[in-house]
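Heads up, the thing below is written out as structure tokens.
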Amino acid sequence: MDGAGEPRRSADRAERERDNDNEVIHTSACYANGLIMASNAAKERKKVAALLEKEAEIQKRWEDAKIFEAVAKPEENRPKYLVTFPYPYMNGRLHLGHTFTVSKCEFAVGYQRMRGRNCLFPFGLHCTGMPIKANADKIKREMEDYGYPPQFPEHEEAKPVEEKSVLDEITKDKSKSKKSKVVAKTGPGKYQWQIMQSLGLEDEEIKKFADANYWLEYFPQHCIDDLKLMGIKVDWRRSFITTDVNPYYDSFVRWQFQHLRAAKKIDFGKRYTIYSPKDGQPCMDHDRASGEGVGPQEYTLIKLKVLEPKPAALAPIKENVFLVAATLRPETMYGQTNCYLHPDIVYSAFYAGPEEDRVYIATARYAGPEESKVCIATARAARNMSYQGMTRENGVVRFVPGLEKITGDKILGAALSAPLAKYERVYALPMLTIKDDKGTGVVTSVPSDSPDDFAALSDLKKKKPLREKYGITDEMVLPFEPVPIIEIEGLGSLAAPEMCARLKIESQNEKDKLEDAKKEVYLKGFYDGVMLVGKYAGQKAGDAKKTVQTDLITEGLADKYVEPEKKIISRSGDECVVALCDQWYLNYGDEEWKAQTKTAVEQLETYSEETNTNLLRTIDWLHEHACSRSYGLGTRLPWDPQYLIESLSDSTIYNAYYTVSQSGVAHLLQEGSLEGTVTGPLGVKYDAATMPVEEAKLRELRKEFTYWYPIDMRVSGKDLVPNHLTYLLFNHVAIWPDQKELWPRSIRANGHLLLNNEKMSKNTGNFLTLTEGIEKFSADGMRLSLADAGDAVEDANFVFSMADAAILRLYNLLDWVREMVAARDAGALRSADAPRIFADRVFQNDMNRQIEATSANYEATLFKEALKTGFFEYTAIRDRYRELCGGEQGMAADLVFQWVETQALIVSPIAPHVAEQVWELLGKEGFIVNARWPETSPVDELTSKQAEFLEETIKECRSRLKNYMNPKKKTTTPIVTPTEATIWVAKEYPGWQRTVLMILAQQAKENEWHDSLGTTVKYGRSINDDTVTCGKVIRIAMFFLEWSSKIWVSVRCAGILPDNKAISQLIGKEDSLKKFAKKTMPFVQMVKEAYEAKGATALAVACEFDQAAVLEENRDYLMNGLELDGLKIRHTDEAGVDAAIVEAVCPGVPSIVYEAPRDGVTVTARNVHVANGLFDMEVTILEGDTVSGLVRKMRRTNRAIKPRFEVALLRYSDPVGGPRKLISIEDPTSINEKMAEDGVFSVDVAAQTVKVTVGGVSHVIGDTVVYSAV
């Protein structure tokens, strides 16, 4: 046994040893890979560091030269450009989301400067509102509660799961988009001290933030410093902070509100407002830790009277009792069959109304102190209702003693009187899908038009055990059938039962199917349904909604009830309610004001239909906006100083303040101080003692304002469309009602920024501040990636791998420019005096085309497209030029540096630091950011077509070569790579094809449409086939009118070709085409596809340029690209050409035929020069080869012969003895004769001999030739 076990133990040891060896090998490999990765990372970091160092140097030079300080120059009569960004809130450092929006301003102003416009990009810093004050108070409380530094208790935060209902999606206003700003916000589960620590602050520094004013000192300056690191083109003299800390801005806001009040735009009264009971004031968007963008949701509170006998749980109540159900669709109350309660939800009975004697039942969330007088009302909702005048004392709820908490099962079976219902008595029944965090927890049932209600009622009818479980008798359920109340086309008068039948819904637990059913029924019912009952029978259901609600409230059968659409937490950690508040409000619901604001939208460029639509929708639904608050920082209302002006209201026309805010060239107000503590050179102080101001000073200020205003472009995140941006328009209209020329000219909204396709979040670590982005990718690397992230209103995506690639691209650009400068200085590039070649013409034309396209993209603020056309594609045309020229040495020096200069110019709005470095390398004077946009020559369309023709030809030739080497039919004979080929070109189509083309061209012409300068479209909007609906746009000529915000467009549209059936009928009438019947329709289909892609040129019967000449001029490029030794270019109209080739080749679409390799004679090509790294090589000479062709073959097969080498081919004077002689060091080619490039070889394969003929004289070559490459 022992002996038998020993081999196994040995085997186990061996296996363990192998495993150990493998582990060592694996570990070594991982270690090696780690070293490689670390080495690569170090190299990349080195490149970033080099870029950062140069960026800092350039930024210092810019700042010293004050090149971004803008001065009003009306005497120059040149257009100005004012671009602004919503000033960020100063409770944290800027993150990449802010930077993404800022970059749109930055790129636009960079481009407009190059267009010769006098550009101003000012940047303010917002401190108004509650957050800073609230956060300062939090820090103060945390030190009081937990000491210094605070020692916080450990706890876990539970993340709430948000559920959306279909009804929410249908009834909410889609223009109220939700905001997702990532700033220093917090809910009750995270301490402010910890948030400050996450910003990199030490405890000693954090305690200073207990003083709200310290926030105003700290973050504004850091914001400015951070922005400067990205090379932003801001005039910092005009920067300021808000609040009454800045007396100049404080005065400006007070002036604005006095004017608004004088214009009767501001009123006082009770308004439904999102309210924080803890803070004791309205809670606006900027005051919220969560729930930004969430507004009040209005319900109709249906009063369902509890009939006698009451359920035992309610029997002690002597007063009338009502269950109150919150509904969004009061017009459906005619169809009530019952009421639903959740058996397990906790409800409460409480008193409501100062003089009414009813008790409401609803979910309990809050218990207020005792009330001396009993009034009866509702629940969770109770807390909300108590702030809406439904209880004796505002904000106080008094519950019925003993009934503070009562589960729904105790009330089930209660008999109810339902307003407007067909049935005199309905019952409270169980529904298991009710939520207690929305509405009142009481649901009135309309099974005719609610799939949920119908499914729950059906369950109760079908399942007796379910009824018995909750004490529901048959008479409470079985007699009640859905009542037809609304007729819906396609669904009938009982829409919910119909949809449940169609989707085979069997239970109230089939949530997904019920969601689909609700979406269909609610949408069609609300918008298309027609009332069948009541005094509004015959009206659309949507139209009847408001009038039915009004009737119910007037008759005392219902109340208006409002609660937040979704949960809102204030920055103080309080769950908000909707309250009726006494407050000052901007009356945005005024119809005359709305109409005038819509006029402002009409003249506004929005760059996106979605933005335009959402602005108009917001104007429609917007009503009163509370503009006052009691807590926080800001400006006091001039006429009621107990209130502060809230943060969205003091930030509407502040763009006008930029024009006079700082000291520029001995003018304006504040001497560059953010808080206005230093009086500017104009000498206008903020105290009353300076009044009145001298007229000359006022004229100077007025000149600044009238020069710079209005805003030429306002850039913002899309989340501000339904609030700030709409308010901006309202207030401009109100302050300057009769001066439309002062209203904003354009608003550009962008989407939110994702990082690596995921939402930015500090919690997940997927987050990047502005400074982190610069440190990681360099300023230009970050900027380039921000441009590439996206242009649309949809969310954009900042991809780290793209940013890494951007660093490499920028670094490589600088390296290449240095190489070209060195090559030029060494005379290694082709002289500008040399004759122009095809590649030169194409390259110059490509540059013109790309520059024009890039300009158009910048004008339209399509920066991702500008980056594509002005950097990625611009690099691609350089690479194509290099390829066409056969390498750098073939490139023309003047064109290379034209490309370098124009590349630097057109990318400078996006990557100004690298562009500035290129400018320096070129030896240019001044700064590139002050340079003008490059001038271009008109694009030569014929050259473009020739270049495209060549590109498509070689692409097709490569495809044919691939097919040649991989035939579908496999053979036993090895496929040898071809070395020769013939390209066939057709001057025109065959006769029958020409006839077909003429028929199609005639049809296109008959349908052609042309509008000569008859259409205007908003400035910057793209024009596409949707704009001109009658066919494919062939030509669009755009004439940009200087600052008219519009363009005139001349459009010619090619007609739509008929369908194939109609074309077939037309072809059938042509006798000449009958014998080609089987070929015509396939040809028609091919032409139609080409027509879609190329337009009218696809219908031409002949090519508009000499195809063979283009191919001949690029013979070397084709042969090198296809690795051919021989290439013939022939026409299909030559005598004796195969009919199949004639049929296959079309004008503009050549065809290549590869030929099997011919036999030749192999000779030795000897390099006789000493120490140049080139050696002997074998080369095969074919019959008819030329000397130049043989050189090309040698270059291709021997990569050691660099493109820059000049190669000469020589023969031995004595072809037999010469190769045997010693080579002379002094004169290696003394026994050789140079062969002319046009020399032609002839070979005798059988005898293995070669001759070369030059000028009619033949020479025997022997078995060796000599080459020199220097």
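Even glycines carry a Cβ here, placed using N, Cα and C.
DSSP states for the domain 'Aminoacyl-tRNA synthetase class Ia' (58-139), grouped as helix (H, G, I), strand (E, B) and coil, give 39 helix, 13 strand, 30 coil. Annotation comment: TrEMBL describes 58-139 (among others) as domain 'Aminoacyl-tRNA synthetase class Ia'.
Marked as domain 'Aminoacyl-tRNA synthetase class Ia' by TrEMBL: 213-798 (among others). Mean model confidence for the domain 'Aminoacyl-tRNA synthetase class Ia' (213-798) is a pLDDT of 87.
Residues or ranges marked as domain 'Methionyl/Valyl/Leucyl/Isoleucyl-tRNA synthetase anticodon-binding' in TrEMBL: 840-972.
Residues or ranges marked as domain 'Leucine--tRNA ligase RagD-binding' by TrEMBL: 1055-1104. Sorting the domain 'Leucine--tRNA ligase RagD-binding' (1055-1104) by DSSP state (H, G, I as helix; E, B as strand; all else coil) yields 38 helix, 2 strand, 10 coil.
Here the domain 'Leucine--tRNA ligase ubiquitin-like' (1159-1268) has, by DSSP, the following mix of helix, strand and coil residues: 14 helix, 42 strand, 54 coil. TrEMBL lists 1159-1268 with the feature domain 'Leucine--tRNA ligase ubiquitin-like'.
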Query - For the domain 'Methionyl/Valyl/Leucyl/Isoleucyl-tRNA synthetase anticodon-binding' (840-972), residues assigned helix / strand / coil by DSSP - result: 99 helix, 1 strand, 33 coil
